[in-house]
């Protein structure tokens, strides 16, 4: 054994020595490279030898080699082989360690293209190797990435790096790439430099312990990372830039998962080199929408890179090695990372990294203002998005950081603003952090005072956000806050005061008196933003009902009054008091005004009514209640606290009145005047008496410049005066009469007039009251006559001003008379001359229609008229007055009609009217007429006039007015027996007005109907309902119509189209009520519907319909389940009237927002049902309602309804009406969005159910729809669902994919098919290619590709049969091309799973291969090329046999094309499969290469395909033929035996090619080929048969030596010649030409003498042609003559050439034919065209070359002399041919040959002197030849001839 080992070792050493020797002998680089390529890999393998000597020898050799290589950088190493060797799992580590050295050395030397080619191998080689070696390989790979070419469409099959199955390698590569991207340019790893030395440059994180000896790495890297990137050969900055660009390109090409590479792009985008940063930025932007920034993997990586390896307290032994510890990245990179963190919710939640990033950005050593700004943005982001649980631990740290920044950093106002804003946001998220820290509030207030203007806004915003945190303060904290707010309310900065107001209004409860006081002071602020906010807060009313408003909502009136009084008295002693003229006020007027209004609100609130300060009229409604409260306060004797008891007044009411008086005296003001009037009027007995001595002051108020002020003052005066009696009263009235008549000042007259009227009125009221209370006639009789006269005088004085030229005084007189008349009979005569009651009535009535009068005058005149019968039970002109009021309607005066309505009501009922009450002390409801009052009720008469005359008037304005009066009567006199007894007539009247075109008329009528219904008893109500329903729904006339001649419904208003107004709204309401089986509900609906703006006015509000509506809403509540669906739809009705009405009802009924969700199913059912209603209006409203319903609510419960909704909307999308179509489109778009959201995988089972429900509908109905918009939306939805649903699509793929494939053709514009049919073949192919390309990039294909990602064996079983069916029977280019594309994708997505189905798919694709459309054919071939990779061998064999059969047997070009395309595709995409079946494929390819190409057809392209297949898969053509010779001969034989002539010819060409390329064929193949070819020759001539002849000639020429041997089954030369010569006798001229040429070639090759037979065929034809060409022209047309000439020419040329070739070396034969042949040639030389001359000369050259007479041993001087003479005579023609140089050239060659031969045979004497002279003369003519070489040659030959003489 030892001996054997020694021997083997010696052999190895000897081998190594020989290699050494060869290396030594290598002189050139090329030689050295060849030796290295051959021997380096095996030499390295010797390192695994067990023999020390061998290993030593190898090392010596390698040392020598290294020296040689290093000095020669161009020498290439066998890197590919070395990489294979390196990957060998059996190789020992010693070998691999050395192998990688040479890989590292050789790889960078390779051309770039080769490096790119080997790049994937480098990656593969890394698997399982030691870390340093992996680093080395990556160092080689990274520079190559820049040069790599990636496919445009990324797919796994086309990807150069197939990384899907190598997750570990991917991770290694990504880590290395990240380090490369982090590496700064020009960085040098200085071993002497320690980390600690550069701590200042590294920021907060470089303080890493225990690494003092390790050099400082670049930011973001560890020492180890830097070292491995630098490697053995550090990159220059330019190379590093290229590497980084290469990495970005690599990521762009999607070679690694997008998720993994996000961080790399972010890092690259921060690069200092523009090219890298721009490329990365662009890529990041393009992927922005695809990246999930909430993915924890991405965010954690970003944090890790940003922060580096932070030393945390870890378990023992878990501390990171110093050289592996990564530093944080540079500020530049941080600036790129943080913006991406800002996109991420996950980043905000990740603790503790989020807070570390914040602190690093704000306070890190290396931070800058940009980073600080971004960090603050991140704080904002955390505050907004971080969930409650996760923000809790962050709060204190964030707050500390922000306060620290605010305190320390003052340079950048913008930054400070952000910091303050962040504090505000933090407070709104975590109020508990701030609640106890009032110092922070103070700090911010102070900052607001002192900071720059641009920062103040942020502080203001922050403080506003912080307010909520302090709303629960109590005790000392609250007091502290009060003081704080109070101190800042007086600061000069407006923002400070504004925020202080915010704090005062929000921090404290609304009944907190000190804060309200502060707000009241703020309400007097000069700046609008401050006082506006304060007023808004103060006037914000408590809840409308007592349930809502608790007693705490406003301060109690007494307490608030005392507080104000205390503050006022205190302020009067300080400089803050306000001086105005001679008056001193405790507050400025604005604040004081707000204070008294607020006190009035507190008073109202304490009195139990809703406080309001908006309208004096509204305030007066509450006077009786306030009066009761004031009486209580006055009688309870409530006193002020002792501290405030300094002004003398102790009762809160008195203090309140004192404050009002003070303000009124100092500044005045209408609201203040009203408040004082109200306070006194409600309790005059106690309070008015105090003002008796202040009548002069009151009079001064009556002289105020403002009319309203004078009116209120006059009222006040009358209240005060009414408390006095006797002479005092008399003198006051006389004084008033006097001032009234004094016309110096209209204002004084106006005030006095009003005061006089009000005073007389109050006097009469008191008189009436005394009479009713005491019934004391005697006392009554005691009334002083002079008082009565005075009252009459006063009344007449007032009356005299009715005709005043001043409207002001006329109105005042009218008002005053009204007041007198309201309270008692007018003290003037009824009739007669002068100022009488009749005159007064007529005067006032005449003013109402007058255009000269103002509206105010008219209003007052109407009111006054209405009051006369109220105060006077015996008023004589009551009916005249009422008739006058009703007849005064002219134009449309709505407001006036409401006033007339009120007046008619009051006048009709007379003394029983509520107008008779004292409005200050009694409400309408509380009033009852005095028992003894005389009844003057004319309601029956009024009702009769309105119903029988005015409501049926032809004038629409009169009808409207009558309706309003009727409504007023019904509302105000609801209990009147006359109204109750005429309910049906009144209803009929209201119904008749419903059809008016005027909206208000309709609304008034509908409100009236509601009131009428409420008034009836049960039986009445039933009758009213049935009548109303019948009238509304049928349009029949009402039975209670008064006048048979008057039409109730004017102008065909009933039954108008829905677009019109008319009754449609009420019909709908009636229909709605009927559907609920509750017809009476129509009245409730009417009350809720059409809430006209009029009802919000003072006049309208008096009817109290808001209350009625609320009650109606409550009564309808039980019907909500039936109502909600209908009402929901009606809100979207196209008819504006119906829509508004129904929306009003909806708003009244549906107060709970969750109601829609509660009744979702019912609403949906109603909408879907009505989508196909026969009324367009209903269809449109259903679509719009559905659009609204679907948005923003969970639809999990109605998934099963979705298909029905889709399908119904699809139908509506094709509606006849455009507005309906648009509504349907809107609904469909919303439905699409909702469905896409519901198909999200996060929805779980609901998502699955949604997809299962939707897909059939979208595929079958949507995509197949004839409506373009429906199809487009369906596809769009499917695409979005596929993106959203992801893996959930898998179960539905078998249905989805085929449907989408079908749609590729269905959805294509049909015009393309038309154009395709009309186009040429070339145009058609180009167009179809473009169509298929468009289909492949369509949304449908995008969806299909999405689905394909998730396919596996579980769904393929169902999908494949459908796919096969579609391939076979699918219609359309797009569908078939798409199917092929899907199959290709399947082969790459799930190759193993596809194997069982590949056979079926192949079978289906075969039908596509024979498709007439070339584009489909190519697509199917392409698919087949991929599919064979996954199929079983048996299937592949069957396919190849099928293709072989098609090619050999089918004559149609389509079959041949499909074979070429398929085989080519298999070769390109599944080369391994082709190699496994090479024996079947390559012979066919060889045969295919030799197809005879038709000019017009695509055979040329097919030949190229076959050629490519052949060349790609054989080791050189010669090697291929040798390898597959048997198969090639078999297939060519089969081709020759084919019935197709074309195939026979193709077989022949292939055979010829075999013979040519092998140079020699050996038995038995030669015999087989020749036999087959000769068999083919037998029989008639056919197109292409020439190829057989050419093949025979070719084979014989190539194998002439083999043919000399006699071999069984191999035809002899004689047999071959016999067969070919036989073909020369065929009639077909073209064929004959080829046959003669081939026969000549064979004769030449075999040197056989068959000249006799050959010349017998050829020479007669030459002679015949000569005769024909010189003969008479035939009658054939020019073209035929031309063709015949060409054929003759071709024949002559061929014949002469053949004669030259067939000229034998046989003395006897030559003797027989030399003379004849020479003569023939000479003749043709003289007579022919230049082409024939050229051919003859060439033939002559061959003739003389083989002429034995020119050889010494066969000399015959005489015969030769004769031949030469003949020749010389004829050749002179050619030599002298001046036109064609080619003829002259060939002629010179012949003479040169002759002279050379004569010289060699020494037979000069045979060239006679005659010949020489002829030749010399002809050669002399060439001396001036244009071509120098001919000139020279001619001169040389001439000289030779001359020398002979």
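Glycine too: its Cβ is placed from the backbone N, Cα and C atoms.
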Notebook entry, point to check: Of the ranges 143-167, 168-192, 193-217, which one does Swiss-Prot list as region 'Disordered'?
Noted result: 193-217
Check: Of the residues 636, 804, 830, 981, which is given the phosphoserine tag by Swiss-Prot?
Finding: 830
Note to self: Where Swiss-Prot marks phosphothreonine, which residue is it, choosing among 124, 836, 1110?
What the structure shows: 836
Item checked: Record-annotated SUMO1 cross-link (source Swiss-Prot) among candidates 741, 852, 1039 -> 1039
Check: residue 836 (phosphothreonine) has how many other Cβ neighbours within 10 Å of its own Cβ?
Finding: 18
Next item on the list: Name, in the order they occur in the sequence, the residues of the same chain whose CB lies under 8 A from the CB of residue 830 (phosphoserine) and which sit 6 or more residues away.
Entry: 836, 837, 838, 876, 877
Notebook entry, point to check: If H, G and I count as helix, E and B as strand, and all else as coil, what does DSSP give for residue 830 (phosphoserine)?
Noted result: coil
Next item on the list: Would you report the average pLDDT that the model assigns to the repeat 'HEAT 23' (1517-1554)?
Entry: 84
Check: Reported in the order helix, strand, coil, what are the DSSP residue counts of the repeat 'HEAT 24' (1558-1595)?
Finding: 24 helix, 0 strand, 14 coil
